[in-house]
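S.K.: The structure follows.
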Amino acid sequence: MIRPAPWLGLFVLLVLLANPGPALSAPASDLPGDSVYQLHLPLRDQDGKAIDFASLRGQPRLITMFYASCPYMCPLIIDTARMTERELGEAQRAKLAVLMVSFDAERDDPAALRALADKRKVDTSRWTLAHADAADVRKLAAVLGIQYRQIDGGDFNHTSVLILLDAEGRIVARSEIMGKTDPAFVDAVRRVLGDSKAH
Amino acid sequence: MDRKGSSVKGSAGRHGKWLAATLFVALPSMPALAADYIDVPGGAYASVLPTAETPLDVNVPALAMRSEPVSNAEFLAFVSTHPQWRRDQVPRVFAESRYLDHWPTADSIGPGQARQPVVKVSWFAAEAYCESEQARLPTWHEWEYVAAADATRRDARSDPAWRNRILGWYERTSGGDLAEIGGDANAYGVRDLHGLVWEWVDDFNALFVSADNRNQGDPDLLKFCGAGALSMQDRDNYAVLMRIAMLSSLKGADVTGNLGFRCVRPNEEKSP
């Protein structure tokens, strides 16, 4: 009987080499299974700095998706996130981060995001405007329950939503009310920030 | 596959002959490697979800599509090499609790399941599987384009017999055991696009027909809704629109008992 052992190991190795691990993989083992930070998502911010999505764990965060050339809805998303923040006390606000990821992988490079941040006077010490590759944009939207579709002329139809993540990256609340504050959502933000005035 | 076979053979010395014979026998039963991708030439066609107002408005670039949906045996091989996708290890954010719960255990399939299409897989799991084959899920337009064919024609959608066959299948799908993969090939050589399971597409979360934020006064949104509404009245496309309605209702972690998938690769050499 011929023993297959010597080549079998090599064969298995070749099979493994031919099947590199998928981009989706679980990072830290103690991360909750329902955390959006389970998603392996390389981002680049408005200054071109690489950010690993999972490294954002540890701080409550508002997250939303937008695109820089958007004429109407996306400015409204920024305004609504600001209005929500203004409902908080200064100390509370300092504990909250904001992440806006672009749908437009093609055009929203760091320069375009930086230009928008400057134009809208976005405080990039707490707010991050980020680019992701097209396939990763699709995955992030799926994790966040956001629908979007590119239409002719380069615009996007998309869900406009603010999503609140706790420090572990679990979705705590979401609001599609744009242009004014959503009291229930503001209350959820206060609770996540540990504000004793929360209802 | 030839390349791998010969490199193994070359380094295996005196076992070479035996090895070549074994590989020949073994490979067809190694599903992760056995996937058969069929070249599909690119073309323009009228989609039920048009991107513009001209009739032949959607251009699909040349691609290679899996000739069959992914089977339970193939998906089992995948979770064996990618244990983070076992049902007892997958993070809940990527797959709900019913993920693969039709398998007897997390790492085995039941008798008779091997050649059935895998179902109860989430979009994330399907996408990860395709990435393991250096592929991805087809977009809706790619899927719809290839699925427009019957056995002899690349676009059989105007034929009432084609539509009735598909609608007839929709009436049968609930309940009962899934059939095995291996239906008749369509004009491209692709099997089981209709009649067996529904399939995930890459851009499932782009298929919203009634858009969110409808009161925000975006003129493009109105155009989109108008196109969607016109198509919905097109009874010729009713069978296909049912797919869109189903896919657009899902979240990425959802699974259902009759939703599987197949993968595609871009075919840049053959694109115009």
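Heads up, the Cβ atoms here are built off N, Cα and C, so glycines get one too.
Note that this is a predicted model, so its numbers are computed, not measured.
Dumping what TrEMBL says about this protein:
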type	residues	note
BINDING	A:CYS70, A:CYS74, A:HIS158	Cu cation binding site
DISULFID	A:CYS70-A:CYS74	disulfide bond
DOMAIN	A:15-194	domain 'Thioredoxin'
SIGNAL	A:1-25	signal peptide
S.K.: When the number of other CB atoms within 10 A of each residue's CB is tallied over all shown chains, which of the binding-site residues A:CYS74, A:HIS158 has the maximum?
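M.R.: Buried the deepest by this measure is A:HIS158.
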S.K.: To test your reading of the Cu cation site: which residues beyond A:CYS70, A:CYS74, A:HIS158, same chain only, put their Cβ within 8 Å of the Cβ centroid of those residues?
M.R.: A:MET65, A:PHE66, A:TYR67, A:TYR72, A:MET73, A:ILE77, A:PHE103, A:PHE156, A:SER160
S.K.: Sort out the sequence-distant neighbours of A:CYS70 (Cu cation binding site) for me: same chain, 6+ apart, CB within less than 8 Å of its CB, listed by position.
M.R.: A:ASP155, A:PHE156
